[in-house]
C-alpha cells in the first residue's frame, strides 16, 4: 500500500508541476495590442475612421431608426414589440407571463422506489428493509411439501428486515434476528388483511426467509468491508500527502 501511494505521488507531482508553472507564466498581449484602429483610442498611426456617434439616422448611438439605442422599432431598448424592455407581449412588468414554463411535478413512484431498498423502517428500532429478491427453490424432502411450496410461495416474503452487520458478532446471530423479525412482520401484516398461515406455511417461511437472510448478510458484509478498505486507503500517509499537494496546486 505504501509503495502504491509513493508511485501515485510521484506521477501526480510530475504531471501537476508543469501545470502549476504554466499558471504562473505571464501571458503575451492579445490581438492587436499595438494600438487600436478605432476612434478615440489613440493608435500610433492615427485613426483610420472618423469619430462616430450613432449610425445613419441615429441621434444617440442606436441602430437604424433607434432614438435611444434599442433594436429596430424599439423606442426604449426592448425586444421587437417591447415598449419598455420586456419580453414579447410584456409591458416591462410581472404580468402577461402566460408563456412561463410550469414547474416539473415530482414523480412519487420514483420517490417510493428510492426509499424502498435499504431504508430504515420507522417503529422497528433501526431495522432496514432489504431489496426484493427472487424466492429460492427449496426441496422439503417429500412431494406434498414441494408441491405446496410451489403453489404458495407467492404468499411468503420476498424482502427481509435486518440491522447493520457491524452490530452482530457473527453470521448466525444476524440470520437468527433477521428471520424472526421478518416472519413476525409478514405474519402480522398478512393476518391484518384476513389471511392466516398454517403450520406448514410457517415451516416453509422459516426456510425461505433463512436463505434470503443469508444472502442479505453476504451482500451487506461485502459492502461493509469495501467501505473499510476505502477508508484505510485514503487514511494512509502517502495518499494524504498527495491530496494536500494537489489542493496546493489548485489553490495556488
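All positions are counted from 1 along the displayed chain.
Just so you know, glycine gets a Cβ as well, placed from its N, Cα and C.
Feature list (source: Swiss-Prot):
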- 26-106: region 'Disordered' (REGION)
- 51-90: region '5 X 8 AA tandem repeats of P-H-G-G-G-W-G-Q' (REGION)
- 51-58: repeat '1' (REPEAT)
- 67-74: repeat '3' (REPEAT)
- 68, 69, 70: Cu(2+) 2 binding site (BINDING)
- 76, 77, 78: Cu(2+) 3 binding site (BINDING)
- 84, 85, 86: Cu(2+) 4 binding site (BINDING)
- 180: N-linked glycosylation site (CARBOHYD)
- 196: N-linked glycosylation site (CARBOHYD)
- 229: GPI-anchor amidated serine (LIPID)
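Of the listed glycosylation sites, namely 180, 196, the sparsest Cβ surroundings within 10 Å are found at 196. Within the model, the repeat '3' (67-74) shows a mean pLDDT value of 48, rounded to a whole number. Between the alpha carbons (Cα) of residue 196 (N-linked glycosylation site) and residue 180 (N-linked glycosylation site) lies a span of roughly 18 Å.
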